[in-house]
Amino acid sequence: RVPDFIKNGILIVKKIIFLFFIFSFLQVSYLLRTILNFSLIVMRYCFTFSYLLVLARPEVNTRTSWNAPIVWELMFNPDLYDRHHQEAKTTVALTVFAVGRYLDAYLNTFLTSAEKHFMVGLPVTFYVFTDQPEEVPNITLAPLRHLKVIEVERYSRWQDISMMRMKTISEIIEKELRHNFNYVFCLDVDQEFKGRFGSEALGESVAVLHVYYYKLPKTQFTYDRNPKSKAYMTEGDYYYHAAVFGGSCDKVKALADYCYLSTMEDKLNDVEALWHDESHLNKYFWLNKPSRILSSEYCFDPLIHYKTEVIVPRLVWAPKQYTKLRT
């Protein structure tokens, strides 16, 4: 027979254990409720903040039908973006081709302005592809920013240079960039940075609105209408400018491969797309929607003769000298 004092002791222990579990449950429940309430507050704040940003630019389209943002001035807080990418240790590569007379005409201005405005505060490597590596200017770069020069062949036709650019981009991504960088941007050299081109532009797949088409009806977009071309399109979302595109290494490689292979297939069939790699790029982005679209602030023509919604021209076209440079 078990003594009464032992029975009573066991009963007390059971009560203590029961009360302990009740107390623990209440504590966990309170903690979970606190976390949930805090999360709701944060979500409500983010939604309100995002909604207010959208209201800041009611005159322009700020989001696509597939819910990708279209980045305009006043639509983002640069400090928040920069802090996030600095904490994430984001790295960026920028590719540019300066072949033939384009090197003397544009490269120095492009690089010096890029160092001043492109992804400031992040580790960046500028990849210059040229047929004249010894002529690449030696510019002063901030810490964690580098310049790498890669020699490429010069082709007689600028259309072939444009086509081979995509092949070269794909190859350098596969060989080097995908192992060292989170994002890559590919830009034409005949441009100059005039304002912040920062981390707000980073995304998985990034396209830029062509300044001369973003206000026009789709019927006036200069898609390739030739059914014999791989770039053939009867409809689309926007008209994108091939002078600027970017994203993750895998996404940019997929775009470059598509444009190169489509161009080669056209070449075999004795066809040339209306706007060459830009036509194929527009077809690619029609089939594979970009996750982020940059407004024409990020590729602007300062000589445009009508009013635009561009508040801050960030990257502008340099004076075109096609007759002189392409001969």
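Positions of Cβ are set from backbone N, Cα and C atoms, glycine also.
What you are looking at is a predicted structure, and each value in this text was computed from that prediction instead of being measured.
Listed in TrEMBL:
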- GLU278: active site, nucleophile (ACT_SITE)
- PHE97, ALA98, VAL99, TYR102, ASP188, VAL189, ASP190: UDP-N-acetyl-alpha-D-galactosamine binding site (BINDING)
- ASP188, ASP190: Mn(2+) binding site (BINDING)
- 12-32: transmembrane segment (TRANSMEM)
- 38-56: transmembrane segment (TRANSMEM)
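Sequence features annotated in TrEMBL and their locations in the structure.
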{"residue": "PHE97", "record": "UDP-N-acetyl-alpha-D-galactosamine binding site", "Cβ within 10 Å": "25"}
{"residue": "ALA98", "record": "UDP-N-acetyl-alpha-D-galactosamine binding site", "Cβ within 10 Å": "27"}
{"residue": "VAL99", "record": "UDP-N-acetyl-alpha-D-galactosamine binding site", "Cβ within 10 Å": "20"}
{"residue": "TYR102", "record": "UDP-N-acetyl-alpha-D-galactosamine binding site", "Cβ within 10 Å": "22"}
{"residue": "ASP188", "record": "UDP-N-acetyl-alpha-D-galactosamine binding site", "Cβ within 10 Å": "21"}
{"residue": "VAL189", "record": "UDP-N-acetyl-alpha-D-galactosamine binding site", "Cβ within 10 Å": "22"}
{"residue": "ASP190", "record": "UDP-N-acetyl-alpha-D-galactosamine binding site", "Cβ within 10 Å": "21"}
{"residue": "GLU278", "record": "active site, nucleophile", "Cβ within 10 Å": "23"}
#### Entry: Environment of PHE97, ALA98, VAL99, TYR102, ASP188, VAL189, ASP190, the listed UDP-N-acetyl-alpha-D-galactosamine site - residues of the same chain whose CB lies within 8 A of the CB centroid
VAL96, LEU103, TYR106, LEU107, PHE110
### Query
Any idea what the Cα distance is from the residue listed as 'active site, nucleophile' over to PHE97 (UDP-N-acetyl-alpha-D-galactosamine binding site), rounded to a whole Å?
16
### Query
Per DSSP, PHE97 (UDP-N-acetyl-alpha-D-galactosamine binding site) is which: helix, strand or coil?
strand
